[in-house]
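Copied from TrEMBL, the annotated features are:
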SIGNAL    1-22  signal peptide
DOMAIN    31-307  domain 'CN hydrolase'
ACT_SITE  Glu80  active site, proton acceptor
ACT_SITE  Lys179  active site, proton donor
ACT_SITE  Cys212  active site, nucleophile
Amino acid sequence: MLPSQALLPAVVFALAALQALASDTFMAAVYEHAVILPHPTQEPGPASDALALMNKNMDVLEGAIKEAAQQGAHIIVTPEDGIYGWQFTRESIYPYLEDIPDPVLNWTPCTDPSRFGPAPVQERLSCMARNNSIYVVANIGDKKLCNSSDPSCPRDGRYQYNTDVVFDTQGKLVARYHKYNLFRSETQFDYPKEPEAVTFETPFGKFGIFTCFDILFYEPAVVLVSKMQVDTVLFPTAWMNVLPFLTAIEFHSAWAMGMGVNLLSANTHNTTKAMTGSGLFTPEGPAAYHYDSATEEGRLLLAELSAHPRLSPTYPPAINWSLHATSIEKFPGENDTFSGTVRKDIFTFRELGHKDGNYTVCQGDLCCHLVYQMSNKRRDEVYVLGAFDGLHGSLIKYHWQICTLLKCPSTNLSTCGQPVETAQTKFEMFSLSGTFGTSYVFPEVLYSGVQLAPGEFEVLCDGRLKSKHGTSKPLLTATLFGRLYEKD
């Protein structure tokens, strides 16, 4: 037997090797939180009432954070609006806001809570991170005083920002992000003067962060991935599901695959607002996800993810999203199209009238091509191939190019494009492609019951979204979402 002194270098080396190996992956968690909401009011209430409400929500979040840490999670993301909800005016949200300093000031609220004035929410979040040795990501409100020397200073003399904060395992504030793309109902908050590209380094990769509606825009979403080269995006959200396309799990999984990064998406849970759908999404598909429109319960999700997905041997290759579709010399089946509405967007549709086929529909500069074979052609179910090339949105408009294989709610073609959650038809195969004018295309397949299809489809280098075998469940949609940011 070797003496203990001789074993020591071997033990140290073994531990170092294990630590280096562990840094290739990390345990991530997201918590979908059923937020306890305040009573709606136009005027600000007492600060004590605001803090009491926030503490009720933080009690729930703290339980999830402790559980995640006990299961080995290195980082946990909690939802947008997860601490106080969303039923506010500009005035009534004020008691819920704190002054959040710049992280460069090297502040740990848990050990120095009064350094920047009263900050009970930041103090408690910091202590949750410190006491559980886990990175904690939360969404709160920031307030910043301004005066008449600032021409854009609001009339009440302060800026109010929808803000994400990140505390490291010691409780130090390491990131602060002010949401740049506010949704139309967020009148209680101000737009930052400039978009922020917020990143921070960890022992398990480079992280970026933005909030909800931001994911649909070039800044900050594409900037963080394409220019800042982050490995993982942290994504607090309060996402209202909109079938058939903008369902949270559907689009967030598609975005992670299209951008080639991890996305840690934590959604608010509120069935009356159609808010549900969280997940740990990777370039290869979802590692874990949750969608529940029936109950009012929160849900903790955990998964082991690659810390540096671009270095993974399974990292998807570069894709030319228009190569296959533009190589088709003659587009078959361009006649017999009709218009249908998805929310307010006018699509061009073509009914799949046979058990198998080879069809194309075009709109604007986009032609979508589909080859398919159904397992069984049911008379009571109608599917269409659809194309959309145009601006989407009411107040804020952004340009989509969408190719979709889509189930209609009924045999009445006028219903095509309306929400549908169930289907009975399976496909032996499908191959969907389009003449996209952008390299930013996001692929996803959605099954009956609003379920994803991990591992059951692939995207070929020539831009085809293709089933690997047959669909194991009935199909709702197979979709390629293209974003032409320059046409917004």
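The chain as shown is numbered from 1 upward.
Using N, Cα and C of the backbone, Cβ positions are placed for all residues, glycine too.
Curation does not apply to TrEMBL; its annotations are automatic.
Features as recorded by TrEMBL, highlighted on the structure.
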| residue | record | Cβ neighbours (10 Å) |
| --- | --- | --- |
| Glu80 | active site, proton acceptor | 26 |
| Lys179 | active site, proton donor | 27 |
| Cys212 | active site, nucleophile | 26 |
Quick check for the class: what is the C-alpha distance, in angstrom and rounded, between Glu80 (active site, proton acceptor) and the residue listed as 'active site, nucleophile'?
7
Suppose you look only at the domain 'CN hydrolase' (31-307); what would the mean pLDDT be?
97
